[in-house]
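*Asks:* Sharing a structure here in structure tokens format.
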Amino acid sequence: MGISSNGLLVGLVFSSLMVATYAGNFYQDFDLTWGGNRPKIFKGGQLLSLSLDKVSGSGFQSKKEYLFGRIDMQLKLVPGNSAGTVTAYYLSSQGPTHDEIDFEFLGNLSGDPYVLHTNVFTQGKGNREQQFYLWFNPSRNFPPYSVIWKPQHIIFLVDNIPIRVFNNAESVGVPFPKSQPMRIYSSLWNADDWATRGGLVKTDWSKAPFTAYYRNFNVIESKISHSFAEWHTNALDAPSRRRLRWVQKYFMIYNYCTDLKRFPQGPPVECRH
């Protein structure tokens, strides 16, 4: 069945290969991994917060690993002057040839838009950055941030709107994350040496502690059978493709595929397919 938001259908049919959706509980599904008493779970496991002060940030990770599926998390980012802070939310395996799917939210001065930084690592190699301004205030409400990870592609969604598609380009020699299960991680930390305007704007510690909130973790896990062909292969339906073009036209501020200074010999091969 499709996934709908305000009439938008993301044309991704999860067949009988998919386990039924379940809503997570932070006590059951996640471990608070660092930051002392800064990370907290409350409301019976329905809400989690991470905090950053001048001494330390904080973080958590999932107990389980996942290999393919759809993962949703609602985030409410640090409000006000969050310059210098980074809220990272990502999937990653371990080791020098790890795979990774990244959302990173780069803090802003009050009144400026948050920057969403995305990246995909395959076999330990990243450098596939795309950045976007968010078209709403992400510290006011709890929009969902989602990853749909299938053997054919990875789709990044913000508030159920696709913003990026990373297609499987193994046919032209580009590795694709398909064999390493990943855990979900998130952290809130200080990166004022680079995060806001290239490090020109420093963290204002008089505003600390900085806090981000998480709720409504949801996952649709996959059960891969013998044939990937059993999956519905269409990445996006026509309305979703229009929304993707809208985001990339009006809100994308960096795309590694068009950075000719960085890649003077031409863009990476996956950008041409």
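Every residue gets a Cβ built from N, Cα and C, even glycine.
Okay, these came from TrEMBL:
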ACT_SITE  GLU100  active site, nucleophile
ACT_SITE  GLU104  active site, proton donor
DOMAIN    20-214  domain 'GH16'
CARBOHYD  ASN108  N-linked glycosylation site
SIGNAL    1-23  signal peptide
*Asks:* Quick one: pull the CA-CA distance for GLU100 (active site, nucleophile) versus the residue listed as 'N-linked glycosylation site', whole Å only.
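*Replies:* Approximately 25 Å lies between the Cα of GLU100 (active site, nucleophile) and that of the residue listed as 'N-linked glycosylation site'.
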*Asks:* For the domain 'GH16' (20-214), would you mind checking the mean pLDDT of the predicted model?
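*Replies:* Residues in the domain 'GH16' (20-214) carry a mean pLDDT of 94 in this prediction.
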*Asks:* Tell me the Cβ neighbour count for the residue listed as 'active site, proton donor', meaning other Cβ atoms within 10 Å of its Cβ, over all protein chains shown.
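*Replies:* A 10 Å sphere around the Cβ of the residue listed as 'active site, proton donor' contains 19 other Cβ atoms.
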*Asks:* Just counting, how many other CB atoms are there within 10 A of the CB of ASN108 (N-linked glycosylation site)?
*Replies:* 26
